[in-house]
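Student: Take this structure, written in structure tokens, and hold onto it; I'll ask about it next.
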Amino acid sequence: MALLIGFCLVTAMGIIHHFALRALERLSGYDKNKPNRTIQTVFFGLLSLHTLEIVGWAAAYRVILSFPAFGFLGGLVGDFDGGWADLIYFSGVQFTTLGYTQIETDGSIRLVALMQSLGGFMVLTWSATYIYSAWQRAFRLINTEDAKAKN
């Protein structure tokens, strides 16, 4: 059941990430006169998106830990006081696949955390590819215009 919950959460994150990237593409423009603005917009947008995804996972952990119906999943132990700062910290460490934290999983909730690490790795690499492509498009416009001007 924990694996299924994690799978559903990763699927939701992937859908949200997709539509956020589409919105970011419209927002960033690709102004050949201001390629740096394009890259900065994409960078800030991705930073904001990943922060929201980490907080979203923290909220999911809050729900899982707060409702007795999810008690069979276990909990978080160690240096964990149940506050938002701890949930966001744990979520961020899992999301970035660092995996090392003073907060540990106890029970099958570790499978939810595993799926978060997998999903985090997937969207981080997706975002890295996206910003690389945005960089190429933004600066290709300048190089194309420069080449045309020289001919």
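Cβ atoms here come from the backbone N, Cα and C positions, even for glycine.
From TrEMBL, here are the annotated features:
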DOMAIN    72-133  domain 'Potassium channel'
TRANSMEM  38-60  transmembrane segment
TRANSMEM  67-91  transmembrane segment
TRANSMEM  111-132  transmembrane segment
Student: For the domain 'Potassium channel' (72-133), what are the DSSP-based totals of helix, strand and coil residues?
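Tutor: Once the DSSP states are binned, the domain 'Potassium channel' (72-133) shows 39 helix, 8 strand, 15 coil.
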Student: So what pLDDT does the domain 'Potassium channel' (72-133) average out to?
Tutor: 94
